[in-house]
Structures are given as C-alpha cells and as structure tokens.
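Working notes for the structure below.
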Amino acid sequence: MSDTEALKIFSRQYVSNEMVDILVATTNSVIQIKNAPQQDSTKLVSLRKFICRLIEHSNVQTPTLMTALVYLNRLRGVLPGNAVGMGTTRHRIFLASLIISAKTLNDSSPLNRHWTKYTDGLLTNKDVNLAERELISLLRWNLTVPEKELVVVLHPFLVRIKNDLRKKQEAENRQKSEYYRMSNFQSNNSLSSTKSSIFSSTSSLRSSPSSYHNLVESAPRTPLKEKSIPAMNYHGHGYSYKSASDILSLGPAPRLRAN
Amino acid sequence: MKFDGTTLHKYTKEKKVGEGTYAVVYVGKQEFSHRQVAIKEIKTGLFKDGLDMSAIREVKYLKELRHNNVIELVDVYMSPDKNLNLVLEYLPCDLEVLIKDTSVVFKSSDIKSWLLMTLRGLHHCHRNFILHRDLKPNNLLLSPDGELKLADFGLARAFGSPNEDLTPKVVTRWYRAPELLFGAKHYTGAVDIWAVGIIFAELMLRIPYLPGKDDVDQLDVTFKALGTPTEQIWPNVSSLPNYDALKVYPLPSRQELRNRFSAATDKALDLMIMMTQLDPSRRFDTTRCLQDDFFLEQPLATSPKDLPTKSSGGDEKRRKTNA
C-alpha cells in the first residue's frame with residue numbers, strides 16, 4: 001500500500017493520545033525554555049494539558065492538527081539552535097501553528113478571540129495575534145504542505161497503518177482460500193448427487209445454490225475490511241495529489257464561524 | 001521572491017484604485033524594477049481576530065498556482081502600521097467593465113477567447129484541488145496584452161474529500177449554482193463551472209443572465225430560466241437542506257434558448273447548456289469543456305493581443321479596427 005493511501009486512512013482517524021504525544025514532543029523540540037522561577041511554573045499549565053484543552057474546545061480534527069505539526073517542524077528548522085524562550089513560549093508557538101492551520105484548511109474556524117478564550121486566561125488576545133503574525137512571517141508565508149513532508153512527519157503512524165492493513169489482507173486471503181476449498185468440496189458433493197438422482201434433477205439444482213448460500217452465511221464476516229476498502233478507493237479520479245494538505249483538509253468543520 | 005520585512009520599502013503606493021469590504025487596492029511601483037503593481041492592503045478592522053482568513057488563503061493559493069491565466073502574486077509584506085499587503089501584478093481592466101461598455105463590440109471569437117482563457121485558468125485551479133468559489137466578470141481581470149486572469153482567491157479553498165463540510169455561503173449571488181442555493185455542504189468544482197456558464201451567457205447577452213434581487217428571488221430567476229430541478233432530472237435533490245420547489249418551471253426548450261441567445265451557434269448553445277446543467281454531476285468539468293467542439297468551430301478564438309480592452313481609469317479602447 002502506498003503512503004498516499006495510508007495518509008488518507010490516517011486523516012480519517014479520530015484524534016488520539018498518540019497524536020497529542022507527538023504534538024507535545026515536537027513543540028518541546030522547537031525551542032528550549034529558560035527555567036522559570038518556582039511560583040511562575042506552578043501557575044503555568046503543562047503543554048500537554050494546554051494542547052488537550054485546545055483540541056477539546058475547538059473540536060479540531062486530525063488533518064488540521066497534523067498540518068500544525070508540519071508547521072512546528074518547519075519552525076524548528078527556521079529558529080536558531082540557541083534560541084531560548086520563556087514560560088509560555090511553547091504554548092504560544094503551538095497555538096499559532098494550530099490557528100494558521102485551521103484558517104488555511106477549514107471554512108469554519110474559531111476566531112482568534114475564541115482561541116484566546118480557550119487558553120483559559122494564559123494568553124491575551126494581543127498575545128495570540130502577535131504569535132500568529134510572528135509565526136507566519138518566520139514561515140515566510142509558505143503554508144502549502146506537500147505530501148512528501150507529511151509522510152516524513154507522520155512516518156510512525158503510517159507504518160502502523162500499512163502493517164495493520166497488510167495483516168488484515170493476509171488474514172483475508174487465508175480465509176478466502178479456505179472458503180474456496182470448502183465450496184469446491186460442497187459443489188462436488190452436490191454434483192455427484194445430481195448424477196445419481198435422475199428423477200429429481202430440479203431439486204438438486206436448487207440444492208446446490210442453497211448450499212452455496214449457507215456457506216456464505218456461515219463464513220465469518222470482516223466488517224472492518226469492508227469499510228476500509230471503499231474509503232481507500234474513494235478518490236476514483238485520475239488525479240494525483242499535488243499538495244498533501246488537500247488530502248488533509250478533511251473532517252467535519254466543527255463550528256460555525258461567528259460573524 | 002522574498003517574503004520578509006526587508007521588502008518593506010521596495011514598493012510605492014501611488015493611487016487608490018479600489019476599496020472593498022476587506023481591502024484597499026493601490027496602484028504602485030516595485031522600486032528596483034519600476035514594475036507597475038497592484039497593492040492590496042488588508043484592512044485590520046477586525047484586528048481582534050488576527051490575520052484575515054481570506055488574505056491567508058489568497059496568499060497560500062496564489063503561491064501554489066502559477067499560470068498564465070491566474071493573477072501573479074509578486075510579494076507579501078507587513079507595513080509599519082502592521083497592515084498586511086499583497087503585491088499583485090497590475091491588471092488595469094476586467095470583464096465587467098467591458099461588458100458594461102456598450103461602445104465596445106464583442107465578436108463571437110472574442111467571447112470564445114475569454115471563455116477559453118477562463119477555463120484554462122480554472123482547469124489549473126481544479127487540477128490542483130483548489131475551488132475558486134467567487135467567479136464573476138468582475139474577478140476576471142485583463143492584462144494590457146489581452147490575457148485574462150482569474151483573481152480574488154479570498155474565498156478559495158482546497159477540496160479533496162467527501163467527508164469535509166464546505167460552506168454553501170460562497171459565490172456572488174447571480175453566479176451561484178443551484179446546489180449552493182439549496183445549501184449543499186458538499187459540492188465540487190461544478191460550482192465554478194456553473195459560474196463560468198453564467199458568465200458565458202452574460203458575454204453573449206451583454207447583461208447579467210440571472211440577476212436575482214435576493215437569495216429567494218435568485219432561486220426563482222434561476223429556475224425560470226433553466227427549469228426547476230426535480231428528482232427526475234437530479235436524483236436526491238430534494239434531500240438538500242433548502243430544497244424548495246414551490247413553483248415548478250419546466251426545462252427550457254431548445255427553441256426558447258435559441259431565441260434568448262439569438263447570436264449563439266448550436267455548438268455555443270450546447271456547451272452553455274452542459275455548463276449550466278442543474279444536476280452538478282451532469283455538468284461538464286473543465287477538461288470536458290476545454291475539449292469541446294465549440295473551440296474548434298470557426299471562427300476560432302481571437303488571439304489575446306487582438307481582443308478589445310480598456311483601462312478602467314481612462315477610456316482609450318485598444319482595438320484599432322473592428323474588422
């Protein structure tokens with residue numbers, strides 16, 4: 001299976017703890033923080049809590065989060081290695097990435113004043129706006145996310161999806177061959193019965209499809225597989241994705257834009 | 001291309017040429033090259049909400065889309081007062097100005113040329129998975145050498161999956177496709193094709209084809225001209241949020257359309273009909289439009305440099321002869 005297909009599956013997944021893990025780790029790796037005085041750090045909510053709260057309040061979906069992840073990665077490459085931030089720098093950086101990602105991808109995105117509210121008083125509206133501006137300038141307005149970059153950033157997730165699907169495919173194949181073996185056995189039986197009973201040819205004819213039917217009914221179902229296949233092939237048109245953010249701009253837009 | 005603060009003093013704003021709800025447009029010059037440019041300064045009235053979403057998208061998509069029939073983004077910078085400025089190639093005229101100027105004669109080959117350039121620009125957007133969502137004559141700009149360019153990507157967005165919700169509140173009313181009028185949250189490039197079809201009609205009529213007075217009237221005007229969509233011609237149409245068939249108008253007959261568009265050839269009419277199919281899944285896509293026989297039929301499209309144009313300020317018309 002290709003990375004593109006794995007990406008499509010991944011983009012439909014619900015936001016998971018593992019995604020939060022990688023967001024936290026990446027944000028932490030963007031910049032180092034000078035140790036704040038004790039009383040300050042007790043007030044400061046942990047980055048993980050902060051991120052979880054933003055996700056909860058904004059109902060932001062996987063594609064938007066993962067685009068933010070790409071921006072965080074880019075920022076790490078842009079900032080000088082010896083850059084040092086203060087207590088809330090990482091929080092600001094994360095929020096700014098998320099805002100820009102949401103604004104570029106979704107038709108109905110929370111406004112900055114809503115985002116400010118979601119920080120629970122940690123940041124002011126001015127802080128949020130400033131962080132957004134600084135980030136977009138540091139990224140030099142390069143907001144397009146090519147598929148290649150996504151594949152690199154999301155590598156661990158994609159590998160697992162590909163492995164899972166391969167295993168499922170193998171199990172399916174085993175089941176299929178088993179099924180054919182058994183149905184051959186059955187139809188051979190019914191064929192021989194046709195030969196033997198000359199007078200009741202119609203009934204035996206009816207009996208062979210019905211035994212076939214029974215077999216299908218008794219075969220274990222694999223609903224997961226059935227669901228995943230149409231999802232994978234949904235994009236039946238002959239285009240290839242130029243920009244992976246296009247793939248990622250999925251997911252129901254959570255809330256209406258309050259004008 | 002540089003996108004940073006050091007470009008701050010590289011442009012001069014000379015004259016205000018337009019003002020919209022969210023931006024002021026100036027004509028200016030790039031200082032080192034003396035190139036004439038348009039500078040779109042985004043108003044920061046809504047500063048509470050940070051950078052304007054339309055501006056971010058316009059920058060993002062114009063950076064992705066490089067095409068002869070799409071306006072060129074030259075630069076982006078923030079002015080000292082913290083306003084965001086988009087530097088765009090300067091295009092002095094647009095199709096709306098020409099359509100309204102009754103002293104300019106359109107030949108059928110001119111219309112063909114504008115339609116062709118619009119479709120080429122749009123094809124480039126769609127094959128890069130970008131919906132324009134605000135096509136209208138006013139957003140089809142004309143360069144001094146006659147090239148038509150798609151502009152104003154403030155409503156544009158990426159598409160790609162049937163899972164996502166899209167807002168139906170897009171496209172200027174007169175050019176809004178029926179699925180948008182019905183409030184569809186899932187739609188495709190067909191909404192842009194519809195708009196181009198309506199623009200095509202307007203180029204032939206020289207007046208807006210479906211000028212609804214308000215959103216309700218727009219439904220009435222649209223269906224009076226093109227028929228009310230029913231389950232029969234558009235399966236599942238009645239499940240759209242705002243579906244409403246209070247008045248059922250019949251589909252127009254070929255003869256009725258012929259009477260309305262008396263100068264159109266059969267091929268022109270055929271293409272227009274396929275671009276304005278009520279059911280979006282039956283509407284032609286850009287590829288199919290571009291391959292249409294209409295573009296092979298004589299007279300062929302006028303070459304851009306021979307098209308009529310005028311600069312929106314003065315009134316010097318460029319076509320020397322109407323031969």
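Backbone N, Cα and C define each Cβ position, glycine as well.
Record features, source TrEMBL:
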- B:Asp134: active site, proton acceptor (ACT_SITE)
- B:Val17, B:Gly18, B:Glu19, B:Gly20, B:Thr21, B:Tyr22, B:Ala23, B:Val24, B:Val25, B:Lys40: ATP binding site (BINDING)
- B:313-323: compositional bias 'Basic and acidic residues' (COMPBIAS)
- B:11-295: domain 'Protein kinase' (DOMAIN)
- B:300-323: region 'Disordered' (REGION)
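The Cβ of B:Ala23 (ATP binding site) lies under 8 Å from the Cβ of B:Lys40, B:Glu41, B:Ile42, B:Lys43, B:Ala55, each of these being in the same chain and 6 or more residues away along the sequence.
Using a 10 Å radius centred on the Cβ of B:Val25 (ATP binding site) and all shown protein chains, the other Cβ atoms total 19. Most Cβ neighbours within 10 Å, among the recorded positions B:Glu19, B:Asp134: B:Asp134 holds that distinction in the structure as shown. Comparing the binding-site residues B:Val17, B:Thr21 by how many other C-beta atoms lie within 10 angstroms of each C-beta, the top residue is B:Val17. B:Glu19 (ATP binding site) sits 17 Å from B:Asp134 (active site, proton acceptor), taking the C-alpha atoms as the reference points. Same-chain residues that are not part of B:Val17, B:Gly18, B:Glu19, B:Gly20, B:Thr21, B:Tyr22, B:Ala23, B:Val24, B:Val25, B:Lys40 yet have a Cβ within 8 Å of the Cβ center of the ATP site turn out to be B:Glu41, B:Lys43. For the domain 'Protein kinase' (B:11-295), the predicted model reports an average pLDDT of 92.
Taking the C-alpha positions, the distance from B:Val17 (ATP binding site) to B:Asp134 (active site, proton acceptor) comes to 21 Å. In this structure the C-alpha atoms belonging to B:Val25 (ATP binding site) and B:Asp134 (active site, proton acceptor) are separated by 18 Å. When every Cα pair among B:Val17, B:Gly18, B:Glu19, B:Gly20, B:Thr21, B:Tyr22, B:Ala23, B:Val24, B:Val25, B:Lys40 is compared, the largest distance found for this ATP site is 14 Å.
Taking CA atoms as the reference points, B:Thr21 (ATP binding site) and B:Asp134 (active site, proton acceptor) are 15 Å apart.
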